[in-house]
Amino acid sequence: MDAKIALSSLLLVPLYTQQLLLSCSEDVPGDHEELAFLKGADSPFLELCYVRLSFDEAESAKLLVHAWRGEASEVEQCLIARACPDHRSEEDGRTALLSAALQGHLEVAKQLCRAGAVVDPEETDGASPMLAAAMQGRLEMVKFLADAKAALDRPTANGTTPLHVASLQGHLDVVTYLCQSGAVCDRTTPGGATPLYVSCYNGHLPIAQYLCSQRSDVCKRTPTGATLLHAAAQEGQLEVVAFLCEMPEVDKDAQMLDGATPLLAAALQGHVNVVQHLAQVKADIHKTTKDGASALHACARSGHVAVARFLCEAGADKDRAMMEGATPLLAAALQGHTEVVRYLCDAGADKDRTICDGVTAFHAAAERGHAEVVQCLCEVGADKDKAMRNGLTPLMAACLQGHEEVVRVLCDNGVMMETPMREDWGNLITIVARQ
């Protein structure tokens, strides 16, 4: 067996597809037979013939099943019966070693590698046994594969490495081992994500702390300009946000290419605790995107009333207009967020503020068919008859879009029926409203 193992390693062929024949006879030495006893008495040498045997397709198919199940004795029998250790599943292209790595079947993995399985097979998506083991947190499997010379940094088709997936899944022991074994800590995917970015995004604080201790770049940005703090804030990872904010090199007001800050990203997603913490550590609640949107615009548009309340109480400008003129109130009305609309009105936002063409929050809600918002605006005293520059009133907007419920709400609240209108619209508005 030692001779066959040596030949397998030297020739890079699977172990059990080799056969040694005595050149002087048709005898086949057993795998565990001592070759020294087969030498002739008059010669110090033993002449052997080396034969390569073909794989058995049926045994190869069975090998995949047994490897997935972790059935070591059956795996051994399949290999002895000349199963191909690198045979792939017809369904997904998975090899037996990849299956064993995924499932954590260490003994099976050892059997396969002894039989000549390739530790870094070319998978269609780039996934390797090492990546599979790292993703599942199989530390002993990762160690074994590393000892078998598996690549630590081999990426998938989308640039993900074993360190990325271990960081993604929160496997600190695997992350630690990979880094100590020489894995590249700051390798990025095409989207700009490093293992540290992935750990921050997913809220794995111990991994983020460890990677920072390994001098991972805390200032690295994605192609969109997102920082680690953006990633953690967007996902509401408060502990990671707090950890990052303690670092002097982390810019709490860093802006993405579109101008969004971490605080705005948190506000957009409704993470009020993150918004509160960022404001507490002096992040700027007034900073805007390139189109003029503030954090208050972001939470109003998304319907997060708790964030809107906090920002207003912290001094955010309730009537700040974006470049096209939209205020937080208009943004909330446009999206149908009644609770935010009511809060902003109660907090003193200008209910009748217009953008450049005369559109108000009332127009926006009526045109979109948000009857509850229209009712709310009526209750708080917004001007339900205010016309745009082209003469369009909220009632007209609702009629033109066929929003019968909005028309009914407006009529019930005493909207003016005989509103002046453009001549080419005729009496359509009045007729529809009266119906």
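Each residue, glycine too, has its Cβ placed from N, Cα and C.
A TrEMBL annotation is a machine prediction, not a hand-curated record.
Among the features that TrEMBL reports, repeat 'ANK' is placed at 92-124 (among others). Residues of the same chain lying 6 or more positions beyond the ends of the repeat 'ANK' (92-124) and with a Cβ under 8 Å from any Cβ of it are 5, 8, 12-16, 63-64, 66-72, 75-76, 79, 85-86, 130, 132-133, 135-136, 138, 140-141, 144-145, 148-151, 154, 157.
Distant neighbours of the repeat 'ANK' (125-157): 95, 97-98, 100-104, 106, 109-110, 113, 119, 163, 165-166, 168-169, 171, 173-174, 177-178, 181-184, 187, 189; these residues of the same chain sit at least 6 beyond its ends, with a Cβ under 8 Å from one of its Cβ atoms. The repeat 'ANK' annotation in TrEMBL covers 125-157 (among others).
The repeat 'ANK' annotation in TrEMBL covers 158-183 (among others). Helix, strand and coil counts from DSSP across the repeat 'ANK' (158-183) read 17 helix, 0 strand, 9 coil.
If you look up TrEMBL, you'll see 258-290 (among others) marked as repeat 'ANK'. The list of residues near the repeat 'ANK' (258-290) in space but at least 6 beyond its ends in sequence, with Cβ under 8 angstroms from a Cβ of it, reads 224-225, 227, 229-230, 232-238, 241-242, 245, 252, 296-299, 301-304, 306-307, 310-311, 314-317, 320, 322.
Below 8 angstroms of C-beta separation, residues 258-259, 261, 263-264, 266-272, 275-276, 279, 285, 323-324, 326-329, 331-332, 334-335, 337, 339-340, 343-344, 347 of the same chain, each at least six residues beyond the ends of the repeat 'ANK' (291-317), sit close to that stretch. Summarising the annotation, TrEMBL assigns repeat 'ANK' to 291-317 (among others).
Note on the repeat 'ANK' (324-350): residues 291-292, 294, 296-297, 299-305, 308-309, 312, 318, 356, 359-362, 364-365, 368, 370, 372-373, 376-377, 380, 382 of its chain, located 6 or more positions outside it, place their CB under 8 angstroms from a CB of the stretch. Summarising the annotation, TrEMBL assigns repeat 'ANK' to 324-350 (among others).
Here the repeat 'ANK' (357-389) has Cβ contacts under 8 Å with residues 325, 327, 329-330, 332-338, 341-342, 345-346, 351, 395, 397-398, 400-401, 403, 405-406, 408-410, 413-416, 419-420 of the same chain, all six or more residues outside its ends. What TrEMBL lists as repeat 'ANK' is 357-389 (among others).
Using DSSP to sort the residues of the repeat 'ANK' (390-422) gives these counts of helix, strand and coil: 17 helix, 0 strand, 16 coil. Marked as repeat 'ANK' by TrEMBL: 390-422 (among others).
Per TrEMBL, signal peptide is recorded for 1-17.
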Task = Determine how many residues of the repeat 'ANK' (92-124) DSSP places in helix, in strand and in coil.
result = 17 helix, 1 strand, 15 coil
